[in-house]
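Reviewing the structure listed below.
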Amino acid sequence: MMEIPKNDFSTKFKKHTTPTNQPAHNSISEKISKWIQIIPISLWMLLLVVIPLMYVLVMSFMSRNYYGGIVYKFTLNNYVQVFNWQNLKIYGQSIWIGLMSTIICLLIAYPFALFTAQKGPIAKMILITLVIVPSVSNSLVRLFSWITLLRRTGVINTILEKIGFIKQPLAMVYNTGGIVLGMSYLLLMFMIIPIFNSLDRIDHDLIEAAEDLGASKWKILQEIVIPLSMPGVFAGCIMVFIPSLGYFFVSDVMGGGTSIMMGNLIENQFQVSRNWPFGAAISVMLIVLTMILLVLFQRRGGKMDDLG
Amino acid sequence: MEKRQHKSFWKNAFIGLTFIFLYLPIVVIIIFSFNTSKLNILFKGFTLHWYAMVFHNYQIMSALGNSLIVGAISTLLATIIGTLGAIGMSRYRFPGKQLLDKVLYIPIVIPEVVLGIALLSIYSLASIPLSLFSLILAHVTFCIPFVVLTVRSRLIGIDKSLEEAALDLGATPLVAFIKVTLPLLLPGIISGAGFSFALSLDDVIISFFTTGPASTTFPLQVYAMVKTGITPEIDAISTVMMLVIVLVIVINAVTQVKRVKQ
Amino acid sequence: MKEMIKLASISKSFGNVVVIKNLNITIYQGEFLTMLGPSGCGKTTILRMIAGFEKPTSGEILLDEKPVHNLPPNKRKINTVFQNYALFPNMTVAENIAFGLKMAKVPKSERKKRVEAMLKLVQLEGYENRKLDQLSGGQKQRIAISRALVNQPQVLLLDEPLSALDLKLRKQMQIELKRLQRKLGITFVYVTHDQEEALMMSDRIAVMNKGHLEQIADPQTLYEKPGTRFVANFIGESNIFYGKVVETTDDLTKVVIENGYLAIKSSMKVSQNQTVNVVVRPEKIRLAETEIDHFHIPAKVSEHYYAGNVKKTVLKLQNGMELKMNTPSNQPLLPIGKDVFVYWDPMDAILVKSDSDKIFKILKSSDFAPIE
């Protein structure tokens, strides 16, 4: 056989030495620092998220006694109750209100985010900051402002009546429309931010390339901008729709007791009617619904980080 | 040229209208905080009366005090736990890491009412009385994920070789972290903390289930008053709070604009 | 010569992926050693193991005859210049350079002096209080080098330090780095994928391929006597013939190839019928109008390219194989389409062990080193 002499090749077929053990930089202090980083968060999430939610699941199969206490006896009654006609109507109403709010937010947020993304870097930053600023003031106080403005004896009705524009005050709040308004108002920011981020991330070269290839502004929007912003749109829709199902105080304040939503139904079970197992069962349904939406979102290529 | 100007006018008009929608309620709050009439219907005359009144309203002040205490402690705890967690998760592999990563999204995505009743149930099971303590536990829980997200997004932007360079130059892992990584991480940590504080201060739903009658918070106090009507005192204190927060944001924004300009 | 670093039977895997296979390299004191190879060949992993950022799966690393493979990076008298500089963005130039001294608890006045000295060494006097974003790429590179040198390491590791610079600055920095290394006499271990850079700067080059060492030698040996087909291909341009030995005399080895035969003078012992690779550099190729003794490689002049100091010619053999030939610019070229016979001085060809048993396989154009 021909062999070409090579400096360090003679050892090529020497036996492998046994793997060395733990490196020094995996020392005890390194281990302690690892645990300090990982254990608090893991324990906290386990004790205050995982276990409570598991307990809700367990509770949803339990019975209750006459005083509202939980009796550890397996039953499916709560789920039977979940699907009774009256409750189904409430879910339908909740979903309807959630969808309406989501659509309104989308119709406002998309153009807003699109026009904002076309501005210079400083203008963008200022505009987006201005979107967030209202949310730092108390949401209930802001909701009540809408009541002040829109109720029968409110600012707008009073003004309109004074100038003789209307004879009868308009019913603008304390109805389903009022709830949708309140939801859209409080959650609009959560639609604007992800859509803006996804639009802002679009490489400007793509748009120039499309222009170069002869696409009109409208075509560019249709073929490039909108498809590339879809993850943001999906994230925004989820961030508006899911919380809207649970925002019981909005329907409380803005609905005036006209429409009861899933959130109110759960709240009632834990406060007024003291039927925790039934409340737990509705919560489980809400979790399942959330999970289905999230799976759809991820299937569509959405990233969980966009939901922050 | 004319057409383009025309277009940008409509775009700006749309942006303007959106801001009117967002800020109209806030303008109302500010206006009525200076209104002589107790009824929030029409502006009758200018007064600072409510500003003086609210600081003597024991109920509102103690609720606000509770909110600030809970906000501060929760933010501090969530920031420490969340920052350490984000760093640990980016560095190490450990059993259950994937699960933890998923669990962190739960408080962000599930309706707050579900987390609220889940915490209430577990408090009742573990016989933890509803108090400021239980409230703080709850607030830390929903703040941690937001801290992790903001810190993590900042961590991704930090070149891993920076810490290696520090180690290479003789720093211990702890010193390398404190001298190099932490300063670079700080903006993320601060925004995570700010986010947490804002969330905690404005939380209605989870607090609704996890606090006791003796430890009511400002949002819950407002919630109790909504049925009978919010007094101008609330408008006044809200205006003050907004002013403080806007001031912080403006200072922050100005420094950021300066950095962008550089 | 004193041994500075010894890599003894080093292997490294990440999970199931084997990155380094049983590697043995000795690096001597004051040497400029370059790890050269295509991306993914494991050269950076070796550097990171020497620095201490990665631990070998098996094997030993000796620094100055003491095992260091279990020491963390902060306990090794080795410093690194990182690919993207890895300068601390939250510190000034002086704070960056002084970082290592601060870690070593050098007193403040001493620190100041040494930082000044380092800045003088890299010709950036007076830059102490500059912020990093006020520096150009070349300046950042110099700061990174002085930061790594300030602790007077026994070995300096450089991980493709010039890859982020533009061509002109890179050429200038190559010379500066080489001068610096000669002046300081510190052992440099340099990683690059740029063969020209490696040839120019190194005392010795270790050519890596797929996690193993192909050849380690000084630049001239590597270029003139490549030990493997990979090295012949990777370093410089080459034409490689597959063939079978038909006759060996004391003077000449005759090799038959597809559609012809050729001759070569080699000290390597080969036997009859053995398959071999014959490497000929483009500048060694010669053309004749009539056949030359011992050679029969008919070809057609196919294309000419102008490349500054040389003119490049592509020759087409009958079997479709293409040969590269370089001619000094001042010499005339044969017209395109002309039939010629290829030959060379038998001394100028290199015999390389064949790693394939398939003889007379037509070389695909992808087997050529890219023309640069």
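Glycine residues also receive a Cβ, built from the backbone N, Cα and C atoms like all the rest.
Automatic, uncurated: that is what TrEMBL annotation is.
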*Listed range which TrEMBL flags as transmembrane segment, given the options A:125-150, A:203-228*: A:125-150
*Under an 8 Å Cβ to Cβ limit, what residues of the same chain, 6 or more beyond the ends of the transmembrane segment (A:35-58), are close to it?*
280, 283-284, 287
*List, by number or range, the same-chain residues at least 6 past the transmembrane segment (A:95-113) whose CB is under 8 A from its CB atoms?*
176, 179-180, 183-184, 187-188, 190-192, 195-196, 199, 229, 232-233, 236-237, 240-241, 244-245, 251, 259, 261
_Checking distant contacts: for the transmembrane segment (A:171-196), what same-chain residues at least six beyond its ends satisfy Cβ-Cβ under 8 A?_
93, 97-98, 100-102, 104-106, 108-110, 112-113, 116-117, 128, 131-132, 134-135, 139, 142-143, 146-147, 150-152, 154, 156-157, 229, 231-233, 235-237, 239-240, 243-244, 247, 250-251, 253-259, 261, 306-307
